[in-house]
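In TrEMBL this protein carries:
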type    : residues                                                        : note
BINDING : 11, 12, 13, 14, 15, 146, 147, 148, 149, 150, 151, 152, 153, 154 : ATP binding site
BINDING : 57, 62                                                          : substrate binding site
């Protein structure tokens, strides 16, 4: 049995490798891949059938989700985005009620766009279970394994959803081509994704 330390050290090394790979990717390439992935998402049955979704708000090194968020709001889906607080190791989700709300997000010290003043009534807990969660990551495998940034935010959130509603929603990881790896270190606490999507 692989020890926890071995798994954690393996993850740390893979994050270092992926950071080096990401530094070599040009912005226009990220934009091209992001467009391809967006077109796949909006044509998928799992997206079209979804009513309540969570979408991460992308940084420059990730598959861009700006077009997807706008499209979802315009299609009258209930769209929620992550919210992180420095004093907490948990992630919450708050609703974006309009494109104007999206445009008015502020950027944190970590470079993440999120609500500046959260309204508790817009927390996902007041709306019910998610149909779909779009998940970011540092690295992915084609069969659904995911390496995050090391805080366990999404694994904790998905387990919270499981406890609250009895199931984990359909989860989709959006990956740039250089983020796909053959295998990655993982433990029983790492929740696998339903699907990993990359550009075609």
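Each residue, glycine too, has its Cβ placed from N, Cα and C.
Sequence-distant contacts (6 or more apart, same chain, Cβ under 8 Å) of residue 62 (substrate binding site) comprise 56, 136, 174, 176. The DSSP secondary structure for residue 62 (substrate binding site) is coil. For the pair residue 11 (ATP binding site) and residue 57 (substrate binding site), the C-alpha distance works out to 23 angstrom.
When other Cβ atoms within 10 Å of the Cβ of residue 153 (ATP binding site) are tallied across all protein chains shown, the result is 18.
Following the DSSP three-state reduction, the secondary structure of residue 11 (ATP binding site) is helix. Cα of residue 13 (ATP binding site) to Cα of residue 57 (substrate binding site): a span of 26 Å.
Sequence-distant neighbours of residue 147 (ATP binding site): residues of the same chain at least 6 apart with a C-beta under 8 Å from its C-beta are 11, 14, 15, 18, 137, 138, 139, 140, 184, 185, 186. The two recorded residues, residue 149 (ATP binding site) and residue 57 (substrate binding site), have Cα atoms 15 Å apart.
A gap of 14 Å separates the Cα atoms of residue 57 (substrate binding site) and residue 153 (ATP binding site). For the binding-site residues 11, 15, 149, 151, the greatest number of Cβ atoms within 10 Å around a candidate Cβ is found at 11.
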